[in-house]
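> Here it is, the structure in full.
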Amino acid sequence: MSKQNLNLDISYQPLVEEEESEQSSNASSPKQTSPRDIELSDQTSKDKDTAGVTLYVYFIAIVVAIGGFLFGYDTGVISSAMLLLEQEFTMTALQKGIIVGAVTLGAVFGGAVAGYLSDLVGRWATSMFAALTFLGGAIVLSVAYTYSLLVVGRLIIGGKIEFGGWRLMFGVSGLPPLIQLFFMPIIPESPRFLIKKGKDEEAKSVLKKIYPESSQGFIDKEIGIIHESIAEDETGSYKQLFHYPNLRPLIIACGLQAIQQVSGFDTAMYYGGTIMKMAGFVNIKDAIIFSLVVSLTNFLMTGVALYIIDGVGRRKILIYTVFATILGLFLLGLGFYFTTGFTPKQLNCIDYGNKCGACLLDDRCGFSKRDGGTCLPRNTKSTAASIGKVNFFSPINENKQENDDDGFYKNCPSLKPIYTWFTLVSLVIYVMAYALGLGHAPWLIQSEIFPLNVRGRATGIGTATNWLFNLVISVSFLPLTELITTTGTFWLYAIFMIFSWGYSIKTFVDQSLIYSHSILNNEFLYN
């Protein structure tokens with residue numbers, strides 16, 4: 001089968017192919033090199049040398065990528081900021097989950113319209129709008145004085161460590177979009193968008209800036225390639241995704257994206273500081289520092305994964321790392337069993353009795369130093385009837401605890417440090433396993449198993465699946481820890497991953513996924 005029928009995205013190198021073809025066909029007959037051959041060879045070499053990545057391309061990529069950096073920062077900063085927010089806002093577990101999940105909810109809707117906006121007004125205008133959105137969200141978050149404003153700020157962001165430090169954390173996110181807005185006026189529009197709008201000459205002008213030393217013939221060929229790509233894309237539709245032969249790859253892509261989220265990994269990113277506090281690092285600075293260690297582990301292991309995945313293969317790396325993720329989740333749940341026990345949230349503080357770990361997880365309660373240690377309610381300015389009620393317009397410091405720490409333990413007196421460190425090490429193992437496989441394999445596989453004419457649409461559906469499951473997991477995490485304990489929550493994720501492990505084994509049949517004719521027949525080959 002030809003490359004065209006395979007819908008492979010292969011860069012066009014006609015001069016090289018024609019030259020190689022001619023050399024191959026005439027290998028048996030000697031031929032003198034003519035001046036035209038020398039000129040053609042020189043021009044081909046020149047085009048190959050100058051059509052590479054220039055500093056201008058790097059500059060464009062960096063400016064546009066600021067948006068991705070911002071989203072990563074705004075989703076991750078809540079891990080540390082949440083510990084500081086708890087000092088100023090009275091929030092239930094559900095309210096905390098809503099603050100964390102608001103970014104994801106915004107991303108679901110933002111992702112749904114981003115492609116449409118890009119096609120309608122262009123990538124440049126869409127990037128400008130995104131930068132303004134980030135800036136607006138940062139301003140709202142940094143000045144928020146009610147719970148509702150916090151949620152609104154986090155929602156907008158989606159589509160240091162002293163009192164009030166969370167404002168600085170959120171406010172800092174306003175600097176990158178200012179930088180992006182400053183440089184965007186000199187960033188060109190996408191050649192693909194210009195060609196779709198019939199502005200071929202403007203597209204050529206942009207390509208000449210990207211490839212300043214290339215010949216006019218090279219630029220014309222690039223324009224032709226883009227025209228062919230647009231024509232190919234227009235032959236596809238969303239309807240084709242739900243019929244043979246694209247339905248099975250779509251199920252696989254969405255399934256892998258769902259597996260990535262039900263592993264519960266994003267809870268470690270969103271609630272890293274809170275999890276560290278649960279594990280026994282009661283000092284806020286320590287909790288934040290060790291949560292950063294977890295984030296650094298994710299970063300480093302992702303780099304390792306990018307290096308080894310082609311050598312190891314998609315199937316193997318998924319099967320091995322999903323199994324390791326199950327092990328990490330089991331150990332993490334075991335660590336929390338040692339530190340906090342297996343007692344769910346109680347109606348009243350006194351119901352915890354002498355179960356110190358569970359008592360300290362409840363914001364209403366403290367483990368008293370009297371009577372040999374027992375759980376008692378802390379003195380608050382609020383009435384018992386108001387505890388746990390959702391008030392979206394409650395101002396800062398309303399219903400917060402008075403300074404009564406003298407009569408309560410800051411940490412469980414019976415808690416052994418080895419249990420806290422065991423929990424931290426288990427969390428690192430869990431993050432390492434995830435980052436080596438599930439963190440990026442679903443995205444890579446998703447990009448490989450669809451024909452070009454439906455790839456963009458399929459990627460959109462797969463990404464939306466990821467964000468929807470992300471939203472469910474992030475919002476439900478804290479309520480689940482109250483209902484079935486932190487131990488039970490991570491063991492629940494482990495059960496999800498056991499089924500996911502079986503799914504991964506049955507889905508893939510060998511090693512490294514390749515795009516071939518067998519894809520069109522719903523068969524997957526690996527090399």
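The backbone N, Cα and C atoms fix where each Cβ goes, glycine too.
Copying in the features that TrEMBL gives for the protein in this structure:
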| type | residues | note |
| --- | --- | --- |
| COMPBIAS | 34-45 | compositional bias 'Basic and acidic residues' |
| DOMAIN | 1-512 | domain 'Major facilitator superfamily (MFS) profile' |
| REGION | 16-45 | region 'Disordered' |
| TRANSMEM | 55-85 | transmembrane segment |
| TRANSMEM | 97-117 | transmembrane segment |
| TRANSMEM | 129-156 | transmembrane segment |
| TRANSMEM | 168-187 | transmembrane segment |
| TRANSMEM | 287-310 | transmembrane segment |
| TRANSMEM | 317-338 | transmembrane segment |
| TRANSMEM | 418-437 | transmembrane segment |
| TRANSMEM | 458-478 | transmembrane segment |
| TRANSMEM | 490-509 | transmembrane segment |
> Before we move on, state whether the transmembrane segment (317-338) and the transmembrane segment (458-478) share at least 3 Cβ pairs under 8 Å, counting only pairs 6 or more apart in sequence.
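No; fewer than 3 Cβ pairs under 8 Å.
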> Could you give the residue numbers and ranges of same-chain residues that sit at least 6 residues beyond the transmembrane segment (418-437) on either side and whose C-beta is under 8 angstroms from one of its C-beta atoms?
263, 265, 268, 275-276, 279-281, 290, 293-294, 297-302, 304-305, 308, 317-318, 320-322, 324-325, 327-329, 331-332, 334-336, 338-339
> Give, as a single whole number between 0 and 100, the mean pLDDT over the domain 'Major facilitator superfamily (MFS) profile' (1-512).
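Across the domain 'Major facilitator superfamily (MFS) profile' (1-512), the average pLDDT comes out at 76.
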